């Protein structure tokens, strides 16, 4: 019995993958309408700080994982004392805080954009002096899908950006003139096996992932380098599970890579694996967290994943082309900006 | 909400496919330990003749399908009066009775092995005179996995075979000197769209499917002919859903085909589709029964499906090769002869 914190679409897809491997899942989520509750009879509807509910959940499962990186540290600690928590609490600590994440990456010689910690408006002025403009001011915690960040193009915008963003502290990042964004989904299991899926080239729209195209249009050496950096990260974290690594590709005579961010979980930009890999990212994560050998991430075809956001979900089923595999998340209410599903489109066999 | 009669592995895999399409499932099964109960929170544990339970089940769902062909006729009739039952009751009537099935196929000029109805021992003697020996005596109803049949090689075995088999009536079939068995899984939806997966070459062991190999080692013309015959069958039945058709390949200068039997459901010999097709047989069945367009059954790689029966399941996970996708059914008790799971092995990309 695998316990999963979070009942959204990622938790749902993890539960479906676990079921294919003959395993049972128990979903813990405060929202009674969670999509993942529809794919298992075992659930807990409770707040993440409800210790009685957490204790009963831990008693009911053999291992615990999660679908989102913002699991409160106290929750992670409480659960990890009772049952194996995979990925571990250190992966959460690093990825929940942009400063900790950049500090960790830099300490492993993984290239990241130049940055400065910003606690006061004076810090921000000094950071602008050091990094130049444009630059991006971000909260260190709880940002996602473009929330919690502002681009500063003129020094006159600094004060309002500082005032607007919370919680503090913030971080100012140099604005990288990147050519494209790619990502690598990598897995490591408890025995230390490490395997990466092919890199995807990602396009965002309104800060939400719009398409992931595989193979990415990058030189083979750059793709190999991205996979290597992703593997270095999971080894350095003594990580167990699947991790998503987003990179900027910086143009140049030889394009270079910088890590934008890491996510200690299955990743939107890995949804394409379900259509064309013998082992998809969800199965790979389950294999890792239960102590199985990792599966084969090799890819059988070229593919584009397209997100279905809000009303776009209405193209299913009649607007689907051949060569297309839909995946809907079972959300009953369509809202603007809500991720409702995705499609995987085979572009070349 | 899709209602599924039967809570075994086929019902479970149908429920998982429905979930990927964003749909909910309600499983109806008398066995409280049904594997399919682990992949949805909606279930009814009741006998198939419990009309109160059937009525409540029908009220709770939008459409009803099933994982096994031996749904009692009264159950099918009761449900079909309340909600759409797909495939329809005529498909059940034909496939539940070997005589009705052979009569139907012969009426559509689909080749079947010569046969005679056997109600009395005198019928059996006359049938042996007509068909010769060896021949196979079978119950007309409730046979599966080799149960309910006996090969008669000598006339002296006739009386004991007749006495042993029940329920009566029986059917005697000429023993076909077939070279191999193949099967085609075909789908038809309510709009009349028809699509077939590639043929699989099947090997049985102790009357249980052991391997399905795709592509089958048969001439292209024979495979095309098999697909055509499968399509003729679903059109003739005005069928909605996925149907499995088993063929004998009879050797000769030009090999010919005879239909062994049909199954109005997803089929063991179609499990390979999950690994290498953009739309697998389970999704195809769900698409058909809910009124969606059919998906693309094209195959991305060569594959062998191997059943895991009884203790064989213990090869998972440590005995798995690369190139292998396991699928376990979540059955808690391992018993000899019990289908515990299967693996799909990619043999050529």
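Glycine too: its Cβ is placed from the backbone N, Cα and C atoms.
Quick caveat, the model's predicted, so the values are computed rather than measured.
There are 24 other CB atoms within 10 A of the CB of residue A:98 (ATP binding site), with all protein chains counted. What TrEMBL records for A:98, A:138, A:143, A:144, A:145, A:146, A:147, A:148, A:149, A:181, A:204, A:260, A:261 is ATP binding site.
Positions annotated as domain 'ATP-grasp' by TrEMBL: A:102-290. Per-residue pLDDT, averaged across the domain 'ATP-grasp' (A:102-290), gives 95.
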For residue A:261 (ATP binding site): intrachain residues, at least 6 apart, with Cβ closer than 8 Å: A:95, A:98, A:101, A:246
Local Cβ density at residue A:147 (ATP binding site) - other Cβ atoms counted within 10 Å: 10
Residue A:149 (ATP binding site), number of other Cβ atoms within 10 Å: 17
All-chain count of other Cβ atoms within 10 Å of residue A:204 (ATP binding site): 13
